[in-house]
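These features come from Swiss-Prot:
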- G148, G149, A150, G151, V152, G153, K154, T155: ATP binding site (BINDING)
Amino acid sequence: MSTGTVVQVIGAVVDVEFPQDAVPQVYDALEIKSEDLVLEVQQQLGGGVVRTIAMGSSDGLRRGLEVVNSGSPISVPVGEKTLGRIMNVLGQPVDEAGEIGEEERYVIHREAPSYEDQSNTTELLETGIKVIDLVCPFAKGGKVGLFGGAGVGKTVNMMELINNIAKAHSGLSVFAGVGERTREGNDFYYEMEDSGVLDKVAMVYGQMNEPPGNRLRVALTGLTMAEKFRDEGKDVLFFVDNIYRYTLAGTEVSALLGRMPSAVGYQPTLAEEMGVLQERITSTKTGSITSVQAVYVPADDLTDPSPATTFAHLDATVVLSRNIASMGIYPAVDPLDSTSRQLDPLVVGQEHYDVANGVQTVLQRYKELKDIIAILGMDELSDEDKTTVSRARKIEKYLSQPFFVAEVFTGSPGKYVSLKDTIRGFKGILEGEYDNLPEQAFYMVGSIDEVVEKANKK
């Protein structure tokens with residue numbers, strides 16, 4: 001355990017000098033005992049000086065303070081004791097419910113599983129959300145991204161997925177709140193408590209008000225806890241909200257360390273940093289990690305380097321659209337932009353594939369006809385096109401669905417729709433079984449039976 005002294009403090013960056021023969025390694029955790037602060041080594045500057053990033057507030061730090069090298073990277077509690085608890089980036093409890101009392105700790109910087117240890121699966125994970133189950137089905141043990149700009153419903157969608165999957169799921173869940181609002185973390189805790197599944201969830205939070213070093217590492221802390229459960233042979237759900245804040249924290253740290261920025265001001269190591277996190281989120285022959293990640297899209301630009309780098313790592317992408325949200329259709333998932341590797345007849349079956357394809361074809365044709373309708377009106381369309389437009393509008397409305405987590409805001413009870421009912425409903429619309437029903441009957445309902453019931457009431 002070597003000791004050094006603080007020689008320079010610039011915001012969250014702290015330079016520490018050690019004896020030449022005891023210089024800490026990169027990623028080692030250093031502790032300033034008097035300030036109860038942990039630093040992580042980022043660079044060795046030479047002459048025994050290392051440059052570190054503070055994991056907490058650096059207010060009040062001064063030159064000459066004693067710093068102790070722990071000799072290893074940041075380690076966090078893992079295992080059963082973390083369930084039902086809220087922790088920070090260092091694995092310290094922040095829920096005022098006493099010590100974690102862990103039996104084991106893991107370091108947060110770990111190697112990804114080797115290629116031969118990884119397993120692939122084609123088992124589907126039903127979410128109960130029509131548009132997702134139909135157009136971009138999730139795989140058990142896969143990686144899913146929820147892409148969307150500000151205010152189109154990423155967090156609400158994620159909460160609904162947690163509600164539908166985590167509550168019905170017999171395994172364990174880990175939630176990593178990366179650079180998001182404290183209020184959302186609070187809401188999530190009480191949501192889990194009310195539904196009685198708190199003892200199956202471990203929560204790790206590093207909110208918006210935390211320093212960049214904290215936000216950069218909190219995703220790794222959550223992932224380390226999920227990996228432990230996976231290595232014990234369990235099926236784990238890993239939720240991250242929000243991956244963009246992880247990238248942004250990396251950008252801040254990179255700038256603080258004086259690195260030259262690359263495209264759009266991002267860090268030059270963007271792809272590598274994303275890879276370090278994403279390569280570890282994988283299923284092995286022992287257990288599985290199914291991850292759902294919210295990804296903020298700056299200025300609704302999907303070609304921005306941050307979301308574009310994330311796309312490459314995912315099995316399914318759920319793209320939320322501002323245009324669809326402005327039509328009052330929630331969840332505002334864009335069925336033409338969202339994709340899934342699982343949407344293959346060999347995985348989902350021929351019927352599901354054909355119905356999903358049919359829905360996308362009709363919606364795409366409607367999109368093409370919109371300009372003609374705007375200029376010439378509906379009367380100039382052929383009868384076939386008029387039918388297509390009518391069915392497309394019904395499909396658009398039917399893609400909406402009341403959420404359980406939004407009941408308090410909307411006043412309408414949430415609906416869970418099984419995959420079988422979803423396929424049956426859309427197949428019926430495509431085949432013209434419901435051509436005689438009014439368009440409005442398809443809006444904000446669960447299964448197709450409710451549409452018929454709603455239409456008959458009118």
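Just so it is clear, glycine is given a Cβ too, placed from its N, Cα and C backbone atoms.
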Residues flanking the ATP site, with Cβ no more than 8 Å from the Cβ centroid of G148, G149, A150, G151, V152, G153, K154, T155 and excluding those residues themselves:
Y296, L320, A325
Since the record lists A150, V152 as binding-site residues, which of them has the fewest other Cβ atoms within 10 Å of its Cβ?
A150
Are there any residues at least 6 positions away along the chain from K154 (ATP binding site) with a Cβ closer than 8 Å to its Cβ? List them or say none.
L146, F147, G148, D241, N242, A294, V295, Y296, L320
Within 10 Å of each Cβ, count the other Cβ atoms and name the one among the binding-site residues G148, G149, G151, G153 with the highest count.
G148
Same-chain residues six or more away whose CB lies under 8 A from the CB of T155 (ATP binding site)?
E180, E184, D241, A294
Return one of helix, strand or coil for G149 (ATP binding site), based on DSSP.
coil
